[in-house]
């Protein structure tokens with residue numbers, strides 16, 4: 001039987017994403033190609049091999065790559081991703097940024113079977129903050145997903161296809177109030193899950209960028225960079241990366257430039273700026289951090305500059321075109 005292009009697709013991408021000799025930017029493009037194949041609905045015969053290929057790259061020393069692997073597995077919507085994600089979360093020797101992303105991914109998969117593990121880590125006083133906080137949000141998300149509340153809430157249709165750590169605030173009969181959402185966003189006495197709901201509601205009011213609510217909502221989100229939680233600040237940067245709104249550039253630049261800021265926040269700010277690569281001055285800003293003392297920031301800048309190049313070239317998808325010949329080139 002002849003080997004088809006489809007048969008060689010996942011193995012070729014797996015070889016790239018797991019190879020330490022491949023440039024990081026190329027490995028990321030291979031990863032996003034695998035994410036596409038892993039997330040196809042309905043699943044295909046490539047779904048599980050693509051998930052296994054993504055999980056195989058957890059042996060990499062790159063914290064940036066591993067955290068992105070976990071994110072992509074969480075977006076797959078497939079139970080085959082659960083076991084490798086639990087393995088990363090339970091590995092106390094793993095980078096906390098990767099473990100946090102694994103916990104968030106289990107929440108995105110709405111895996112009830114992981115609730116016991118997530119609750120145990122949420123309640124462990126010796127666990128690092130970023131993992132504890134993520135487990136807290138993931139538990140609330142899974143319980144919301146499987147609870148009665150979800151069915152009774154009216155949610156605004158989002159422009160974004162991502163499976164988020166929390167749904168946006170439910171719609172009411174009144175017009176959404178940016179000051180009210182900002183108040184919830186910044187209230188540290190509220191559960192993180194509730195504050196994240198305000199965050200994603202503000203995100204959805206920022207897109208498309210010409211909405212009259214967009215700039216005020218972006219400015220409200222930017223005030224979240226003053227929060228005491230590094231996890232929360234990093235999620236603000238992630239949302240800005242999704243939005244690619246020019247009004248976020250000053251706060252993202254400030255976050256990246258602050259060498260006292262947590263590396264998980266700075267790296268996310270760098271990647272968000274990469275999505276704004278066609279805006280004036282952004283590439284120059286990123287290039288200043290190519291030799292940053294923090295490896296995850298350096299790596300993020302490399303990927304961000306590759307993304308910026310992609311934005312300028314008007315390429316359709318930040319991925320290697322999933323065709324065997326193109327991949328092997």
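Quick reminder: no glycine exception, Cβ is built from N, Cα and C everywhere.
The predicted model assigns the repeat 'HEAT-like PBS-type 1' (65-91) a mean pLDDT of 98. Look at Swiss-Prot and you will find 65-91 tagged as repeat 'HEAT-like PBS-type 1'.
Per Swiss-Prot, the feature Fe cation 1 binding site maps to 67, 68, 100, 101. Taking Cβ-Cβ distances under 8 Å and a sequence separation of 6 or more, the neighbours of residue 67 (Fe cation 1 binding site) in its chain are 95, 97, 98, 100, 101.
With a threshold of 8 Å between CB atoms, the same-chain residues lying at least 6 positions outside the repeat 'HEAT-like PBS-type 2' (99-124) that come near it are 66-68, 70-71, 73-79, 81-82, 85-86, 88-91, 130-139, 141-143, 145-146, 163-165, 231, 264. Positions annotated as repeat 'HEAT-like PBS-type 2' by Swiss-Prot: 99-124.
The repeat 'HEAT-like PBS-type 3' annotation in Swiss-Prot covers 232-258. Sequence-distant contacts of the repeat 'HEAT-like PBS-type 3' (232-258) (same chain, at least 6 residues past either end, Cβ-Cβ under 8 Å): 133, 160, 162, 165, 192, 195-196, 199-200, 203, 206-207, 209, 214-215, 218-219, 221-222, 224-225, 264-266, 268-276, 279, 281-282, 285, 289, 297.
Under the heading Fe cation 2 binding site, Swiss-Prot lists 234, 235, 267, 268, citing sequence analysis as support. When Cβ atoms from all protein chains are considered, those within 10 Å of residue 234 (Fe cation 2 binding site) total 24, not counting its own.
Annotation comment: Swiss-Prot describes 265-292 as repeat 'HEAT-like PBS-type 4'. Tertiary neighbourhood of the repeat 'HEAT-like PBS-type 4' (265-292): same-chain residues 64, 225, 230, 233-234, 237-238, 240-242, 244, 246, 248-249, 252-253, 255-259, 298-312, selected by CB-CB distance under 8 Å and a gap of 6+ residues from either end.
Every protein chain shown contributes to the tally, and the Cβ of residue 100 (Fe cation 1 binding site) ends up with 28 other Cβ atoms within 10 Å. Around residue 267 (Fe cation 2 binding site), the C-beta neighbours below 8 angstroms that are at least 6 residues distant in the chain are 64, 294, 296, 297, 299, 300. Per DSSP, the repeat 'HEAT-like PBS-type 3' (232-258) is made up of 24 helix, 0 strand, 3 coil. Secondary structure by DSSP for the repeat 'HEAT-like PBS-type 2' (99-124): 21 helix, 0 strand, 5 coil.
Other residues of the same chain near the Fe cation 2 site, with their Cβ within 8 Å of the Cβ centroid of 234, 235, 267, 268, are 233, 236, 237, 238, 264, 265, 269. In the shown protein chains, 28 other C-beta atoms lie within 10 A of the C-beta of residue 101 (Fe cation 1 binding site).
Take the binding-site residues 68, 235: by the count of other Cβ atoms within 10 Å of each Cβ, the lowest one is 68.
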